[in-house]
Amino acid sequence: MENGDIPEDANEHCPGPQSESAGKSDSCAGCPNQEACATAPKGPDPDLVAIAERMSTVKHKILVLSGKGGVGKSTFSAQLSFALAGMDHQVGLMDIDICGPSIPKMLGLEGQEIHQSNLGWSPVYVEDNLGVMSIGFMLPNSDEAVIWRGPRKNGLIKQFLKDVYWGEIDYLVVDAPPGTSDEHISIVQYLLPTGIDGAIIVTTPQEVSLIDVRKEVSFCKKVGVPVLGVVENMSGLSQPLKDVKFMKLATETGSSINVTEDVIACLRKNAPELLDIVACSEVFDSSGGGAERMCREMGVPFLGKVPMDPQLCKAAEQGKSCFEDNKCLISAPALKSIIQKVVPSTVMTE
């Protein structure tokens, strides 16, 4: 039971656990919570006061959500943080995906540890203006499973919010776990009083993913978190033709033969201009209209599509920004366009 919440099994005329008469009034007689309410400390939760003080130095707070796992939410969170840092903003990235912390890998910070100073826990820094906090920095090894129930997860989220010293930062990006679970309720409860800019929801095009995204949108509306928009990730596979592998199927044996060199040689000889085109294919069924149609139906902004790009996957594996080295020629422009809709007043640097 959180401070101030009336328990579901309370008596009909419950005065509320924060009332001076909590556990003492006539209406409390026979209530299963009578003793707990009578002895509970009254007044504001001191942790919420501490969180408000910490968050007072954070200008903007953005939640990154998804209905399902595996849709690229953490990849988007990482690249959003890289992009904001590339705009010369001071950025913090908080990973509250307690059971699946992939942010340390995607920021190139595996093996790093949290340090403590007289100001609190210090984030692990990728760059001078990009700090990261994750439970991944607290595990003895990256294969260690986190088997925690809700209260312990909520306790760590609260500790991240009240004990991590970010300093004066422009953006705090919060990478949440998929779905709508204890972690989501906690982060909203703790952050909403301090001001949340809103949530970006990441999905893939197929209906099986969008079903859960609708629930995510509904959650945001119920708890009062603005939906900044929905990103359709993995919107078709796109890559330069010269990077495509060509296979000849041997139907009799079920095996296949790599004929890539033969195909590229043939194109180079007979149609070299085709080597510069981009090959695209639909990976997920978007016949239902995808995220764009869902956004129209639910009245939330559609931020855009990000194609499935092997180079973006490689950047995530290597913990690098997709906006550097001009390698993510397919995905980087799409991500840049989406991020500029969220942060319209700032132009991204190349």
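Positions of Cβ are set from backbone N, Cα and C atoms, glycine also.
Annotated features, as they stand in Swiss-Prot:
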REGION    1-30  region 'Disordered'
BINDING   Cys14, Cys28, Cys31, Cys37  [4Fe-4S] cluster binding site
BINDING   Gly67, Lys68, Gly69, Gly70, Val71, Gly72, Lys73, Ser74  ATP binding site
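In this structure, the binding-site residues Lys68, Lys73 were compared by how many other Cβ atoms lie within 10 Å of their Cβ, and the smallest count belongs to Lys68.
Cα spacing between Lys73 (ATP binding site) and Cys37 ([4Fe-4S] cluster binding site): 40 Å, rounded to the nearest whole number.
What surrounds the ATP site, by Cβ distance within 8 Å of the Cβ centroid and not counting Gly67, Lys68, Gly69, Gly70, Val71, Gly72, Lys73, Ser74, is the set Ser66, Pro178, Val202, Thr203, Thr204, Ser209, Asn233 from the same chain. Around Gly67 (ATP binding site), taking its Cβ as the centre, 24 other Cβ atoms fall within 10 Å, counting all chains.
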